[in-house]
Amino acid sequence: SVIELGKMIFQETGKNPATSYGLYGCNCGPGGRRKPKDATDRCCFLHKCCYKKLTDCDPIRDSYSYSWVNKAIVCGGDDPHLKEMCECDKAMAICFRENLDTYDKKKKITLKLSCKKTSEQC
């Protein structure tokens, strides 16, 4: 769910997920996939692609279990669909951490109207 995703992002980056990433670039937050503005925005693009492959779960409401072991996210639980969702969220949180050096505060709130459509496929 959004709650677990937020915790993962905070654990990996130390940033507030809602204010730092909620409307970042063209792909973070609600809406379809657009041409990414930078590496952080690409993390959100890839996350949407990952969610698109999910079946039998609702990424907004369904919750999964994970643990934080030696500063690493470990997805748990028996449900393969929820584990898959956890892996999508884990990948995005790690992607955000790996791209902290190019995070641009000016892109924290991007008007989606300024975003270009992309022909890039998942």
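For all residues, glycine too, the Cβ spot is worked out from N, Cα and C.
The feature region 'Important for membrane-damaging activities in eukaryotes and bacteria', as given by Swiss-Prot for the ranges 27-39, 105-117, sits at 105-117.
For the region 'Important for membrane-damaging activities in eukaryotes and bacteria' (105-117), same-chain residues at least 6 beyond its ends with a Cβ under 8 Å from one of its own Cβ atoms are 19-20, 23-26, 31, 34-35, 37-38, 40-41. Using a 10 Å Cα-Cα cut-off from Cys88 (disulfide bond), the recorded positions that qualify among Cys49, Lys112, Cys115, Cys122 are Cys49. Cys28 (disulfide bond) has Lys108 as its nearest neighbour among the recorded positions Cys86, Cys95, Lys108, going by CA to CA distance.
The disulfide-bonded residues examined here are Cys26, Cys43, Cys50, Cys86; by Cβ neighbour count within 10 Å, the least packed of them is Cys50.
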